[in-house]
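The transmembrane segment annotation in TrEMBL covers A:7-24, A:30-50, A:62-80, A:100-119, A:126-149, A:172-193, A:223-240, A:260-285, A:297-320.
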Amino acid sequence: MTRESLFNIVMMSLLILFPLWAWIADEPFMITLATKAVILALAGVGLNIALGLGGLVSLGHAAFFGIGGYAMGILASHAQSYSPILESPFLIEGTKSMPVIWLVAIISSGLAALAIGVLSLRTTGVYFIMITLAFGQMLFFFSISWPAYGGEDGLPIYVRNGFPGLNTLDPIQFYGICFAILAVVLFFCARLAKSPFGLALNAARQTAERVETVGISPYRLRLAAFTISGMITGLAGALFADLNRFVSPTMFSWQTSGEIMVFVILGGVARLFGPVVGAALFILLEHLLGGLSDYWHIYLGLLLLLIVLFARGGVIGTFAGKGANHD
Amino acid sequence: MTLLSVDKITASYGATQALFGVSLTLGEGDVLALMGRNGMGKSTTVKTICKLLPVTAGKITMAGQDLARLPSYKVARLGVGLVPEGRRCFASLSVAENLIAAARPGHWDSARVAKLFPRLEERRDQSAASLSGGEQQMLAIGRALMTNPRLLILDEATEGLAPIVRQEIWAAIAKLKLETGMAILVVDKSLRELGQVADRAVILQRGQDVWTGSMQDLNDDVTNRYLGV
């Protein structure tokens, strides 16, 4: 067993034990903090497929996070007001069912990622970063200018959506749902990274030309990865909106894209648990330092600087050493 | 039956023309040696066949299909397997992962590659970057075989390797010829070893084919004039 595997097991255990402790100690706020960390980790895990495996520095992943959030917001707001989303040419009604909302969030963010990817993946480097950023900002301003769904003020949802057989208003049960989704997605990502698709994607990150000579189109490979990445981040957006029972244009903002990228870099780019560690550390710092100063991001910036300069494998790379094929 | 036909192709690196009308043909099961001194257009010819460099004039067909409009990856899917100059394995992947990443359905799989190069099996979990030059070359050949090509192109496959490792590579090429009947285009400078595996040869000089014939016809006069040996 590698040190990284051991580190991952410890991290997974903490994700189980910490909320259990908070539940036993009757600390619902702590459970909510853990839920937020898990959801943000999921968003980072999505980005990690594009950034870590594919080497695609997307500064527009907030677009998918926001689409997932608004998928939840729009469906739930229509369900709570008993008004259909669309009456003609066919009836589309809102829903309060989490699985249906997740499905819509995954499909809509996946389609958006496919469309954005088709255009942006024709470029590389700084142009790719700028195009993804531009798409994210376009959706940000679109959401601001959409008064039907709250415009700049955002859209509140009064009751958390439901999941069959569970009370989602109970923090530990909602945490359980989010944790289970993260676990499933992590398992999927672990398999994906070792599949022929994941290996070819990793190879294309090193050199596209060599991948072409073995009969693989790097463009299609990256497009598929970008789409999967967007779908996972979109699912995280839907869960995040459900956690807060609120969606706002902030979910689309470039700061959100930057934060998702920070999770990945803090934990370790292309490390399976990198975004999990990064998001947990982010929430921890926000909780500990945010109480001391409104400007706690200064310390986050300092930490990020240290990691980028001295620990390029992120926190996991520092503890587990190199050896992952992605540093 | 002609598998690969290269008809009077020209190619350039920017404003510098490198090929001035190269022609060659390769049948199913043929082994063709592409020879010439340094800088005469051997690797450029290979790159144009694989569409890594655009053809500015002339025509290349593979199994009767014109490659003019095909991107590089589609040429590979038609059955052109390239072992590029300088090995160029996927450095951060392990030996096994290098092979899996390139795998396409067909005769060649990881087990068959391991049989051809037992050393790769011993190193299967090791990263490609940590392999010796010879092992990397074996991996590069193995990776090309995993695409199940109809035509294998080896560009300077033995360059810079220790004599004993070169022998292993040449033995593997001979085995491929004997056991699989795969068409092979070999770019190399080792005249003696080429003579043992190749059926025919094409010699390039200053971006043009100046001599084509069977290996038996490759006499001292020809080698002195075009290869300087």
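Using N, Cα and C of the backbone, Cβ positions are placed for all residues, glycine too.
TrEMBL annotations: computationally assigned, not manually curated.
Long-range neighbours of the transmembrane segment (A:172-193) within the same chain, counting only residues 6 or more positions beyond its ends whose Cβ lies under 8 Å from a Cβ of the stretch, are 12, 15-16, 19, 23, 31, 34-35, 38-39, 41-42, 45-46, 48-49, 53, 98, 160, 163, 166, 199, 202, 228, 232, 235, 239, 242-243, 272-273, 276.
A contact between the transmembrane segment (A:260-285) and the transmembrane segment (A:7-24) is present, since 3 or more of their C-beta pairs, 6 or more residues apart, lie under 8 Å. Outside the transmembrane segment (A:30-50), and at least 6 residues removed from its termini, the chain residues within Cβ reach (under 8 Å) are 15, 18-19, 21-23, 56, 58, 61, 64-65, 171-172, 174-175, 178-179, 181-182, 185-186, 189, 192, 225-226, 228-237, 239-240, 243, 259-261, 263-264, 267, 269-271, 274-276, 278-280, 282-284, 287.
Only pairs six or more apart in sequence are counted, and the transmembrane segment (A:223-240) with the transmembrane segment (A:7-24) gives fewer than three Cβ pairs under 8 Å, not enough to call it a contact.
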